[in-house]
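Notes to accompany the following structure.
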Amino acid sequence: MIGDIVETKQCQLKDPMDLFHSGQVVKICAPMVRYSKLAFRTLVRKYSCDLCYTPMIVAADFVRSEKARDSEFTTNKGDHPLIVQFAAKEAQILCDAARIVCPFADGIDLNCGCPQRWAMAEGYGACLINKPELVRDMVRHVRNQIDNPRFSVSIKIRIHEDLKRTVDLCQKAEATGVSWITVHGRSVEERHQPVHYDAIKIIKQSMSIPIVANGDIKTLKDAENIHHLTGADGIMVARGLLANPAMFAGYEETPLKCIQDWVDIALEHGTPFTCFHHHLMYMMERITSKQEKKVFNVLSSTSAVLDYLNNHYGV
């Protein structure tokens, strides 16, 4: 489960709450299914990302199965600060999962925002925004059962059509001792509609704990604008970082150095080919022509990808 694979150039190691009290906007890599794994976290940390999340892990499977633990959670010494995100609907299961990762991570996050049908059908993700008492109970249990006072417990939510309900949920969570709340500024039904940054601003003004803004942030300039617009203490990015892992360092598009770093890190970590290739497809989206994409996107082996990068980019 815990690999000592690679040491990374690191911003000074801090626990998450120190980051939020530093006076700087905290730059965060979102939990992304399949993508925000150790190798990618190692990459974005080289480019000014302050805090990384794991992909969402179903807590019940994680607690029950050693195989699930080994495949879902890998970390190393350089992988800090790190938040493990869980999907859960029972307080004790979430506590048991938190206890397993506590020695290796800096906190856990309860997913209350995933809008996918399967998650909501199972009682996970965004359906929890309609169960504030259950969320409060889960946070309280983890707070009571984890001895380490520096171990953070956060939640990631979507907003209600009636924002008063969202503010109520957040205030209940705050009263239970939640460390911070990440707000994706869309409702469960909304997918590609504009993000309601005004709603994030209202939530921020109603709370005394840190609030993280999430949704449609593609560049460092976007991040700065949304910070000013909402007053959020942190900015969480998903697709923007997939397209440009060097975004937080101020690059407008993925620099070749970052592509080289990804190749080195991914090979060192033994990243499966599909994941290795998909990340490169995202990173090169803005710097390749249609014709180049046609060729690159159908390559089917690591050696073919390496040859292509070498021949076309000297990587």
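For all residues, glycine too, the Cβ spot is worked out from N, Cα and C.
What TrEMBL says about this one:
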ACT_SITE  CYS114  active site, proton donor
BINDING   PRO31, MET32, VAL33, GLN85, HIS184, ALA238, ARG239  FMN binding site
DOMAIN    29-292  domain 'DUS-like FMN-binding'
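Taking the features listed in TrEMBL, we show where each one sits on the structure.
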residue : record                    : Cβ contacts under 8 Å, 6 or more apart
PRO31   : FMN binding site          : TYR53, THR54, PRO55, MET56, GLN85, ASP109, ASN111, LYS156
MET32   : FMN binding site          : PRO55, ALA238, LEU242
VAL33   : FMN binding site          : PRO55, MET56
CYS114  : active site, proton donor : MET56, ALA87, MET120, TYR124, GLY125, ALA126
HIS184  : FMN binding site          : GLY113, LYS156, ILE157, ARG158, ILE159, VAL195, ASN214, GLY215
ARG239  : FMN binding site          : LYS218
Model confidence for the domain 'DUS-like FMN-binding' (29-292), as mean pLDDT, reads 97
Give the residue from the binding-site residues GLN85, ALA238 that has the most other Cβ atoms within 10 Å of its Cβ, counting over every protein chain displayed. GLN85
Just checking a number: largest C-alpha distance across PRO31, MET32, VAL33, GLN85, HIS184, ALA238, ARG239 for the FMN site, rounded to a whole Å. 17
